[in-house]
Amino acid sequence: MIKRLFCSINKNKIINEPPKLSIIKDTIYNLSSGVGKSGVAIIRVSGPQAETVIRKLIKKSDVDKNEEIKSRYATLSTFYNPKTNEQLDKGMFIWFPSPNSFTGEDVVEFHIHGGRAVIYETMEAIGLIEGTRPSEQGEFTKRAFENGKMDLTQVEGLSDLLDASTSFQKKIALKQMQGSISEFYLSLRKDLIRASAYMEAFIDFGDDAELDPEIVDQSRNRIISIRDKIQQHLNDGKRGERLRDGANIAIVGPPNAGKSSLINLLTNRKASIVSPIAGTTRDIVEVILDIDGYPVIIGDTAGLRNSTNDQIEIEGIEMAKDRFNNSDIKLFLFDSFNLFSQLNQNQNLNSSFNFNEEIKNLFNFIDNETIIIFNKSDLLKQFDNLKEWENLKLNLLDNIKKSNNLNSIQSIEISCNNNENIKDLLNLLKLNLKNLFEIQDKESPLLTRLRYKQHLSDCVESLDRYLYYCEHDVVLASEELRSAILSISEITHSVNIDDLLDIIFKDFCIGK
């Protein structure tokens, strides 16, 4: 009955063990250290012929034919071509017999000098041994997964660790590779399996006098708690995706406000063209930065203005608007000197400030994720009435808050010309990035991949249907519960019908 119900969830999805390779004929080898000249290079060999490779490349005097090779021991040896007997190099090898190795197979690592010729000739010599071949991309890790040394989330964590360019990325990837995400999802899966076991027992053995008639309600309450936990995990605000790909920061504002100068200053190189000619930046110029360990993609955009007939510039402005709206943090630059000069010329400074339509149109782009930057503060020193400038700033910020219904707004005054307050701006960015990446629930790992979110969303939908069917049809409710188990199991690729059977036999003593 139980097996029949499991198979009825989806004819194309039968819960089963992940495929494992019992016999792998090929022994694979490749360079595990970085490509190029180096002091030491490491060549990894994995598979049934790994021990043969050792004995073929060394002389009998180093390791006797009948002598057992010491495992996890660095053995100094001279390596030779097995066909020509020509010396290849003098180095070390470390032997990792199955199953206590990275791949779960017999593995040997040759530590040799990192010259190109040494690496090439050693690889060529290994390839002469029958049953060996160069590995495909990621094949060592694939074998580790297939042999149960890593689950899918740990494999992805290893991939993220290799790609990590900031300390925060490295920290999260390392935790994932060591099983933090696996533990979290396997714990949820275990709770779902236990609740499902109660439901299955009630359906199949409901007439048994020893079964508590409230078992369905107990299972339902347990599922509500699990569902809420998963939903809370889903509401992580895209922190995990930002961690892997980088937080998007857009620099926007009117032409010649100093956007390109700012990005050049932040990157310490000439990433954007700096010119007094309005409309110089047409495309979005993106630069990847590490700000206090947080990965950031910062983009310089076209100046926002209405008075242009240049079709290319108009398209660039539209791209700037789109980038601004889809950014995690927005830096909006005003040209302090130009802004104050216009008001000095056009109105009595003792009256209230009236902003023209062009400036007011810029207000629409500002929201809670925006930092308003008043650039070119060094040029304001030529004015005598700087108190009026302070009034102007307050008036401007107040207008923006009222126009966009904002409770508060972040602002700072800088000069890209003499680096005034640039450190303060960086500190403000660090604070915003910290809030952006902050993990609210310390027990809940970050959702670093879209597929996790999809499987969890499918799981929540199944649990919602389960809660509905609990009131109408317990058999259908049970099927939805098993569908939820399947969805969450696909994250780690750990799907096993025996887990459910073990719970049933353990908790309900069916055979007595």
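Glycine too: its Cβ is placed from the backbone N, Cα and C atoms.
Residues annotated as domain 'TrmE-type G' in Swiss-Prot: 246-434. Here Swiss-Prot flags 253-260, 300-304, 375-378 as GTP binding site, drawing on sequence analysis.
Listed binding-site residues: GLY253, ASN256, SER377; maximum Cβ neighbour count within 10 Å falls on GLY253.
With a 10 A radius on its CB, LYS259 (GTP binding site) counts 32 other CB atoms from all the protein chains. Mean pLDDT for the domain 'TrmE-type G' (246-434) in the predicted structure: 75.
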